[in-house]
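Chemist: This structure is in structure tokens; I'll ask about it shortly.
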Amino acid sequence: MTKFSVVVAGGGSTFTPGIVLMLLANQDRFPLRALKFYDNDGARQEVIAEACKVILKEKAPDIAFSYTTDPEVAFSDVDFVMAHIRVGKYPMRELDEKIPLRHGVVGQETCGPGGIAYGMRSIGGVLELVDYMEKYSPNAWMLNYSNPAAIVAEATRRLRPNAKILNICDMPIGIESRMAQIVGLQDRKQMRVRYYGLNHWWSAISRSFRKG
């Protein structure tokens, strides 16, 4: 089976170890030969990367692991880019959420005025990653789940229409799982769900139970 090389852009994120564990849990379907982290904050990334190095050494020592702040090193010889960046980091997220609340409107990182502000900041950073990928590994695909997903997806569609990029969000799956728990089911797949809305702002969920 073909083994893949992946770079996680946003390697300094506290969510990155979860991505590593997810990748390791799916080695039977998506085997890795190499895993790299990339971040423009070297100090922050080092803390996360050293922790992940321990995980990989214990669970998958055959996977080559490295981390860097150099785009050429990070994006060369990769098959997939997994991008989850937060432009402005948590200090700006705090402003995105608190400023709208002072004016009596939704204060949320992907919705309302804060979501628009965060989206405008995110576009440039995500496009930069797309350009690095296309320059150093033109055959690679990007899985982008940098928020706000809808704004970023539309920006990449308009500004990089030929880029090999999938913009995704796991919030609908998370909501389905919580709903399944509420109604006493063991798994969200025991429901048939129709989801209306975008990512963190959904208007309705309808469900029907499977027979048997």
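Any Cβ shown, glycine's included, is placed from N, Cα and C.
Note that the coordinates shown come from a computational prediction; the quantities given were computed from them, not determined experimentally.
According to Swiss-Prot:
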type	residues	note
BINDING	4-70	NAD(+) binding site
BINDING	Cys169, His200	Mn(2+) binding site
Chemist: Could you tell me the C-alpha distance between Ser13 (NAD(+) binding site) and Cys169 (Mn(2+) binding site) in angstrom, no decimals?
Modeler: 16
Chemist: How would DSSP class Ala49 (NAD(+) binding site) in three states?
Modeler: helix
Chemist: Looking only at DSSP and grouping its letters into three states, which state does Tyr67 (NAD(+) binding site) belong to?
Modeler: strand
Chemist: Identify, in sequence order, the residues in the chain of Asn40 (NAD(+) binding site) that are 6 or more apart from it along the sequence and have a CB within less than 8 Å of its CB; answer 'none' if there are none.
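Modeler: The answer is Thr69.
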Chemist: Let me spell it out: for each of the binding-site residues (Met22, Ala49, Cys169), count the other Cβ atoms within 10 Å of that residue's Cβ, using every protein chain shown. Which one has the most?
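Modeler: It comes out as Ala49.
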Chemist: Which ones in the same chain are close to Pro31 (NAD(+) binding site), with CB under 8 Å and 6+ residues apart in sequence?
Modeler: Met1, Thr2, Lys3, Phe4
Chemist: Counting Cβ atoms within 10 Å across all protein chains shown, which of the binding-site residues Ser13, Glu58, Tyr67 comes out on top?
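Modeler: When each Cβ's neighbours within 10 Å are tallied, Tyr67 tops the list.
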Chemist: How many Å lie between the Cα of Glu58 (NAD(+) binding site) and the Cα of Cys169 (Mn(2+) binding site)?
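Modeler: On Cα coordinates alone, these residues lie 29 Å apart.
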